[in-house]
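According to TrEMBL:
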- 1-24: signal peptide (SIGNAL)
- 110-133: transmembrane segment (TRANSMEM)
- 145-167: transmembrane segment (TRANSMEM)
- 173-197: transmembrane segment (TRANSMEM)
- 227-249: transmembrane segment (TRANSMEM)
- 335-352: transmembrane segment (TRANSMEM)
- 359-386: transmembrane segment (TRANSMEM)
- 398-419: transmembrane segment (TRANSMEM)
- 453-471: transmembrane segment (TRANSMEM)
- 483-506: transmembrane segment (TRANSMEM)
């Protein structure tokens with residue numbers, strides 16, 4: 001009973017924080033003609049409820065794709081339809097075709113916010129709780145609730161889901177997939193991830209680690225026996241899951257191709273530039289390598305879109321290859337979690353058309369290892385939240401950002417004593433440090449150096465946050481502070497990518513993992 005009491009208090013605190021953030025502004029509030037992601041979600045409800053399925057992804061007189069056209073997979077559309085059905089029962093004006101465009105009211109805001117709460121309560125939060133209880137390292141009652149508290153108070157996800165406005169379903173389903181795999185429920189795990197991928201195509205960031213882990217598991221079992229049977233079952237599960245999600249579109253090849261064109265608009269070029277951004281302002285403020293390089297080299301003007309695509313694919317593939325090979329050869333749950341972090345970060349830094357919110361696809365897997373490397377996980381989660389600052393300022397979410405971020409740091413400091421866990425062993429770098437022994441003399445002072453860099457990083461992020469919020473930029477450089485945030489965050493992420501790959505490649509023990517037989 002005690003462990004559930006602690007966990008109940010943890011969930012109540014997490015819900016209270018979410019409720020407080022939801023009272024504030026949201027993406028595009030009162031900003032016609034396009035408004036923002038809040039209006040996009042409302043508009044998808046309008047479209048899916050009023051139009052037949054065959055028109056959901058096509059440009060028609062009733063469905064102008066230039067106005068928040070549906071560009072997510074079928075499960076997002078089905079979810080929008082369910083929300084729209086409930087909205088219609090409460091107030092038909094909320095989803096009326098054409099006339100509801102840009103609809104804003106307090107009752108409707110309450111309804112929309114409630115749908116996010118329900119998604120959190122039904123999918124994401126239960127997955128976090130069960131995951132924390134399943135951790136061997138956190139078998140003590142207090143440890144499980146502490147780990148859950150840190151994960152559920154991660155400010156980046158709260159500010160985007162309950163402030164900016166977004167549903168946590170794809171990330172929640174991916175968590176369920178990890179949870180199922182941790183109990184050797186491979187088919188359920190595969191199905192859960194297929195559902196995540198069919199809710200948001202950005203779950204491709206996580207696809208290779210899941211694939212390599214399960215393939216490696218089949219290899220370990222032997223492809224002439226149990227491994228072949230498991231491989232056949234997994235293939236069948238994936239096919240059935242995709243067939244069920246795409247069934248309404250499967251009768252027409254053109255329907256399928258149109259959906260795919262909407263999901264992967266490669267003709268836009270390398271950047272996630274919003275076509276409605278002001279031409280006098282740079283819309284590319286994502287903390288990845290391409291946007292950071294564009295400060296010095298205007299890649300869009302030098303390289304053709306097709307070449308950009310090929311370059312992006314090549315760099316992304318090469319950067320995630322080591323982690324994927326290691327996971328295939330030595331499949332383990334611990335290896336899966338670290339590979340999810342590394343591969344998602346490679347996608348974020350180097351892939352095609354990255355949105356600033358995509359950093360959450362890296363952050364959630366980092367949350368899964370916060371009990372193993374609390375110092376580095378906390379540092380990364382703080383940087384990932386900081387990287388969202390330009391978007392949060394645009395959505396008038398400065399106050400929630402200023403409150404939730406220090407609060408999260410305080411919780412992590414109190415829960416894990418992170419500043420005391422900076423040794424090579426604590427950071428999972430003991431094997432790497434031994435391989436460098438005799439070559440690098442400063443490893444003895446490594447903990448002090450890491451702590452100093454952490455404090456310097458916090459000071460830099462704090463200073464840029466204050467400048468971004470309080471100081472007007474020079475007229476000649478209107479995007480100075482957003483670009484500074486992006487570049488600083490990108491440099492952090494590059495170092496984190498190097499760190500996570502070192503941990504993966506030098507880890508030969510896969511501690512605490514069940515033997516695959």
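Cβ coordinates are placed from backbone N, Cα and C, and glycine is handled just like the others.
TrEMBL annotations: computationally assigned, not manually curated.
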Applying the under-8 angstroms CB criterion, which one of 110-133, 145-167, 173-197 scores highest with the transmembrane segment (335-352)? 173-197
Same-chain residues at least 6 beyond the ends of the transmembrane segment (145-167) with CB under 8 Å of its CB atoms are 3, 6-7, 9-11, 13-14, 17-19, 21-22, 24-27, 36-38, 41, 79, 112-113, 115-117, 119-120, 125, 128-129, 132, 135, 138, 357, 359-360, 363-364, 367-368, 370-371, 378, 381, 384-385, 388, 391-392, 395, 397, 400-401, 404-405, 407-408, 411-412, 415-416
How about the transmembrane segment (453-471) with the transmembrane segment (359-386) - do they touch, taking at least 3 C-beta pairs under 8 Å (6 or more apart in sequence) as contact? yes
